[in-house]
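Here's what TrEMBL has on this protein:
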{"type": "DOMAIN", "residues": "19-258", "note": "domain 'Orotidine 5'-phosphate decarboxylase'"}
{"type": "ACT_SITE", "residues": "K97", "note": "active site, proton donor"}
Amino acid sequence: MSMTFTEKLDQAWVHSNSMLMIGLDPDPQRFPAEIQGRPDAIYEFCRAIVDATAPYVCGIKPQIAYFASQGAEAQLEALLRYVREQYPQLPIVLDAKRGDIGSTAEQYAQEAFERYQADAVTVNPYMGYDSVQPYLSWQEKGVIVLCRTSNKGGSDLQFVETIDGVPLYLHVAGLVADRWNANGQCALVVGATFPEELAKVRERVGDMPLLVPGIGAQGGDIPATVKAGSNQRGTGMMINSSRAILYASGGDDWREAAARAALATRDAINAAR
Ligand SMILES: O=c1ccn([C@@H]2O[C@H](COP(=O)(O)O)[C@@H](O)[C@H]2O)c(=O)[nH]1
């Protein structure tokens with residue numbers, strides 16, 4: 001029987017001794033010279049990054065927009081096949097932030113879990129339970145709900161107070177923890193750029209996994225993130241870094257530089273645990 005998302009993630013945290021997640025946001029304009037212009041450049045770049053960073057991470061997070069904008073869905077499929085074969089222990093989180101009515105959500109769920117065979121997908125809760133239910137019906141798959149996003153503009157809506165005076169992001173956290181998580185496979189997105197809110201979400205949801213983007217290129221503070229977001233077991237987070245690792249060097253040493261950046265980030269996270 002295959003493992004659930006949270007079983008796989010629990011094992012990855014322990015075996016990798018890492019809460020770092022490598023984000024795959026491949027931008028052809030920033031590719032090293034040696035692969036520029038190749039028809040399979042996106043696949044080759046991401047494959048090399050995965051090989052360089054796999055020893056230091058608890059999972060990988062491809063951001064689907066970077067593949068779809070280039071018409072590179074086939075390269076994403078091939079890449080994820082490669083990851084499943086070479087690194088079966090690493091959970092794959094498809095960052096797609098989907099949100100639509102139920103019948104359309106069923107198609108998005110099929111895309112994430114059948115076409116790409118991801119272990120988890122990110123979804124937007126704005127349209128409510130029936131828009132998220134199609135993902136939840138895949139009982140072993142992770143459903144990672146946007147809660148307190150890492151961008152400044154997230155406050156425009158996420159800080160609005162609900163009728164009982166609770167900010168919307170905490171209402172979402174409570175809804176997911178208390179009502180949507182019947183399969184125990186839900187997680188929340190909370191930005192490292194907001195450690196105070198990260199601590200409040202952690203307090204509200206117990207040991208639930210959190211996907212935490214915002215360190216590295218967005219400037220989130222690693223020690224503050226670890227202190228605010230760790231669960232009682234000293235794990236609990238997939239702390240994502242994309243650009244700071246992918247483009248650590250634009251020179252011939254890009255693979256080694258990515259490996260060094262991933263190692264240094266993992267160590268900085270662990271030093272704060
Ligand atoms: O609140 C959010 C949700 C998702 N993201 C995604 O994470 C990475 C961050 O990339 P960096 O280069 O490490 O800044 C990217 O794929 C975003 O789409 C986020 O940043 N914030």
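Note: Cβ is positioned from N, Cα and C throughout, glycine not excepted.
Automatic prediction, not curation, is the source of TrEMBL annotations.
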Nonlocal residues around K97 (active site, proton donor), in sequence order (Cβ under 8 Å, 6 or more apart): T122, V123, N124, L146
Mean predicted confidence [pLDDT] for the domain 'Orotidine 5'-phosphate decarboxylase' (19-258): 98
